[in-house]
Amino acid sequence: MAKFSKNSMVLCFLVAIVFVISSASASTRLKKFDHPTKGDGTLNFLVIGDWGRRGTYNQSHVARQMERVGEKLDIDFVLSTGDNFYDNGLTGIHDTNFVESFTNIYTAKSLQKQWYSVLGNHDYRGNVEAQLSPYLRKIDSRWVCLRSFVVNAEIAQIFMVDTTPFEEKYFTTPKDHIYDWRGVLPRQAYMANVLKELENALSESTAKWKIVLGHHAIRSAGHHGDTPILVDRFLPILRKYDVDFYMNGHDHCLEHISDTESPLQFLVSGAGSKAWRGDTKGINRDDVHFFHDGQGFMSVELTPTEAEIKYYDVFGSVRHRWNRSKLLLHSAM
């Protein structure tokens, strides 16, 4: 009987260890949203960032051009690179800024698709839990916003990541701003988990196209320039797992920059409303293919072997076009 009890204790101990390991593994897995495509092997979507200003600073004008392009491409969804509501995020789930800056602006039929969004630094200045709340989907069913998650769109997987907590200045020198760090502290542990979740998800991906999207730039010739901690912590992971595109906002402009050590492309779309005219850093770098310091947005058209990226200005004109083939890498203006 004593022997049986001892063996039982060992078995229970082993089961407990397996449970702990499984729980830890589960905690480092990103929530996944399966988004079925049209079934013809293609995927089309728009990317916009830094937009929510109740229609001002040409936000409404950009929205009208998105309507036109969205209808032409029959888009599957829209991606938002963050800073969704200015100047200080949402005050709560009943903040009228949500309807006035989102629902009442992007009213076109072609834009009545899912909007997948990440948080920007301005969003963290408000009630973050409100912006993440499922209650907002009762107001507008298009809205999906989490800290980090994956959009599984058959031929492509889009890894949406929370980059704001990586910027130390928001913690050490917040100026007059108050940030909502609930769910983020302790910061070092949170950052480590974001990176682990991202790497785990990328390592398991078999998608034809791998796209990572965050608010802050890895490479940028705009006002904020490169983000050193993302260059140090994110870039090696993206190169390791052959990520095709890193998309972001934060700089209020449109940019296309190539990585110097891999096929990775940095695509900036942060021009949804207020733009910073003439505010540049290193625009003459050899890796910068395109820079526009006005309002606009980006479209992405994917097949299993081809990608086409287009940047549109506030008038709907195509300012830059770039193509990639999985069989032959090339670009064209």
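From the backbone N, Cα and C atoms, a Cβ is placed for every residue, glycine too.
Per TrEMBL, the features are as follows:
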type	residues	note
SIGNAL	1-26	signal peptide
DOMAIN	44-253	domain 'Calcineurin-like phosphoesterase'
BINDING	D50, D83, Y86, H252	Fe cation 1 binding site
BINDING	D83, N121, H215, H250	Fe cation 2 binding site
Cβ atoms near H252 (Fe cation 1 binding site) (within 10 Å, other residues, all chains): 26
Confidence summary for the domain 'Calcineurin-like phosphoesterase' (44-253), mean pLDDT rounded: 98
Top Cα neighbour of Y86 (Fe cation 1 binding site) in the set of binding-site residues N121, H215, H250: N121
Long-range Cβ environment of N121 (Fe cation 2 binding site), under 8 Å and at least 6 residues apart: G82, D83, T164, E167, Y170, H215, H216, H250
Residues within 8 Å of the D50, D83, Y86, H252 Cβ centre (excluding the Fe cation 1 site residues themselves): G49, W51, G52, R53, G120, H122, G249, H250, G270, G272, S273, K274
Binding-site residues (H215, H250), the one with most neighbouring Cβ atoms at 10 Å: H215
Other same-chain residues whose Cβ falls within 8 Å of the Cβ centroid of D83, N121, H215, H250, the recorded Fe cation 2 site, in sequence order: G49, D50, T81, G82, L119, G120, H122, D123, T163, T164, H216, G249, G270
